[in-house]
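Below you'll find the structure, written out as structure tokens, and then a few comments.
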Amino acid sequence: MQVAAVVLVLGAAMAHAGWNLCAKAVPNGGALFVWLTGVWSTVFQLPVAIVAIAVEGGVAGAWWIAVLVSGCVHTGYFVLLQRGYAVGDLSVVYPLARGTGPMLSVGAAILLFGERPGLAVLLGTAGVVVGVWVIGGLGSGGGRSWATGVGYGLGCGAMIATYTVWDAHAVTALAVSPFVLMTGSSAVQTMLLGPYAYRRRAEVAGIWARHRAPVLAVAVLSPLAYVLVLFAMRYAPVSMVAPARELSIVIGSVGAWLLLGEPNPARRLGGAVIVLAGVMAIAIS
């Protein structure tokens with residue numbers, strides 16, 4: 001992987017873990033919190049997108065299709081993730097969400113397309129499964145709470161796999177600017193959740209009054225993290241960039257312990273490292 005791609009991916013991993021820690025700090029924010037972050041993300045990104053359009057001499061012809069699909073998938077991901085954080089620990093939901101995308105991709109390729117992955121891929125997938133098991137503490141009394149967190153984590157992993165593949169296609173094959181794609185995606189997110197937010201505008205005002213700092217932090221760090229990844233995909237293939245950015249799993253697990261005081265740091269950090277190792281094994285296959 002080129003040095004530029006490595007720097008971009010590392011920056012993205014830190015920004016991604018940072019905004020997830022901020023999102024976890026807002027209890028029961030749900031779709032209303034997602035709507036607020038979408039509004040401010042659009043506001044912050046719009047000037048940059050306009051400059052990008054001017055510099056690049058316009059937008060790609062299929063930009064609106066790319067933006068619409070991306071916005072719908074991202075909205076589902078953010079709402080699902082926020083719900084997961086409301087019922088589970090970040091150090092469980094976050095590694096599952098970030099680490100299961102490659103695992104789900106391998107499983108789908110075997111079942112749907114008849115692919116026969118090599119030994120490194122199979123070992124990497126097994127590593128992800130073991131890491132997930134360690135993080136969740138299966139067999140140590142996790143019970144229903146553990147199962148709920150795992151469910152949301154797996155759902156988010158499926159969303160991540162979907163938008164990663166689509167957005168990579170958008171910025172490469174469709175030649176859509178990463179800035180245009182992310183700004184448009186945030187705008188779609190705002191419009192999709194707008195009617196719901198309007199009906200609960202009093203609750204929206206309350207969330208804004210109590211959690212202004214996390215809202216603004218997520219609005220900045222979330223698109224920043226992903227734009228860095230999209231630019232990295234212009235220097236390196238998705239099969240390398242997507243797994244490499246999972247360094248955020250380790251950063252997020254450490255942050256959950258140090259900043260949020262979540263329990264069992266040694267077990268969960270150890271599991272996060274195993275997940276990361278599994279994902280990297282898939283990447284180098």
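Cβ atoms are placed via backbone N, Cα and C, with glycine included.
Automated prediction, rather than curation, is the source of TrEMBL annotations.
Taken from TrEMBL, the feature domain 'EamA' covers 149-282.
What TrEMBL records for 1-17 is signal peptide.
Residues or ranges marked as transmembrane segment by TrEMBL: 33-55 (among others). With a threshold of 8 Å between CB atoms, the same-chain residues lying at least 6 positions outside the transmembrane segment (33-55) that come near it are 23, 26, 75, 78-79, 82, 177, 179-180, 182-184, 186-187, 189-190, 193-194, 196-197, 204, 207-208, 211, 215-216, 218-220, 222-223.
Residues or ranges marked as transmembrane segment by TrEMBL: 62-80 (among others).
Marked as transmembrane segment by TrEMBL: 92-113 (among others).
Look at TrEMBL and you will find 120-140 (among others) tagged as transmembrane segment.
According to TrEMBL, the transmembrane segment annotation covers 146-166 (among others).
The transmembrane segment annotation in TrEMBL covers 173-193 (among others). Below 8 angstroms of C-beta separation, residues 31-32, 34-35, 38-39, 41-42, 45-46, 48-49, 52-53, 56, 59-60, 62-68, 70-72, 74-75, 78-79, 167, 223, 226-227, 230-231 of the same chain, each at least six residues beyond the ends of the transmembrane segment (173-193), sit close to that stretch.
According to TrEMBL, the feature transmembrane segment maps to 213-232 (among others).
Marked as transmembrane segment by TrEMBL: 244-260 (among others). With a threshold of 8 Å between CB atoms, the same-chain residues lying at least 6 positions outside the transmembrane segment (244-260) that come near it are 1, 6, 9-10, 12-14, 16-18, 20-21, 24-25, 89-91, 94-95, 98-99, 102, 135, 229, 232, 268-269, 272-273, 275-276, 279-280, 283.
Summarising the annotation, TrEMBL assigns transmembrane segment to 266-284 (among others).
Summarising model confidence by region, the domain 'EamA' (149-282) averages a pLDDT of 84. Sequence-distant contacts of the signal peptide (1-17) (same chain, at least 6 residues past either end, Cβ-Cβ under 8 Å): 94, 221-222, 224-226, 228-229, 231-232, 235-236, 240-241, 244-248, 251-252, 255.
Same-chain neighbours of the transmembrane segment (213-232): 4-5, 8-9, 11-13, 15-16, 18-19, 22-23, 25-26, 33, 36-41, 43-45, 167-168, 171, 178-179, 181-183, 186, 207, 241, 245, counting only residues six or more beyond its ends whose CB sits under 8 Å from a CB of the stretch.
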